[in-house]
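Right, one structure below, let's go through it.
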């Protein structure tokens, strides 16, 4: 019984070489065809400014000029696409400026979006009945936490939205989302 390993390795046959070339060609062609499809399906990373700030956009991803929001009557809650595309309420103040605090339209119970009810002066979640005060604090559960807030600034005619990292003015504590 010969337990020795053959010294010579078998050479690649013509058939194996052609199979390898065919497989490599198919793989390269498929990769070249799928790359543009992948780029189309995956949203590009949004460019952010200092501190993660972005420009407020509409539902189509177009920048919203500050003059458009400020033309609304005082106490209007304008819904824009904010950080990471999250729907965010901007509030027009009595002096026709924007409040420096924006509210993210995302219920802290199960993540539903909700409308502002001007008659009751509350945000009311239709999913499970949570209610929020105009500043985003919880009026009635089951929501366990106040709404996430963001910083809002107007520079020239652009609305900048950036993450809120300071003390939460509603609770006096570190924000729960930081």
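Positions of Cβ are set from backbone N, Cα and C atoms, glycine also.
What Swiss-Prot annotates here:
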TRANSMEM  20-42  transmembrane segment
DOMAIN    65-161  domain 'Rieske'
BINDING   107, 109, 125, 128  [2Fe-2S] cluster binding site
DISULFID  112-127  disulfide bond
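Spatially close to residue 112 (disulfide bond) yet at least six residues away along the chain are 106, 125, 126, 127, 128, judged by Cβ distances under 8 angstroms. The [2Fe-2S] cluster site is set by 107, 109, 125, 128; from the centre of their CB atoms, other residues of the chain with a CB within 8 Å are 108, 110, 112, 114, 127, 129, 130, 142, 143. Highest Cβ count within 10 Å among the binding-site residues 109, 128: 109. Looking at 107, 125, 127, the recorded positions in this record, the fewest other C-beta atoms within 10 angstroms of the C-beta turn up around 127. In the predicted model, the domain 'Rieske' (65-161) shows an average pLDDT of 89. DSSP states for the domain 'Rieske' (65-161), grouped as helix (H, G, I), strand (E, B) and coil, give 8 helix, 38 strand, 51 coil.
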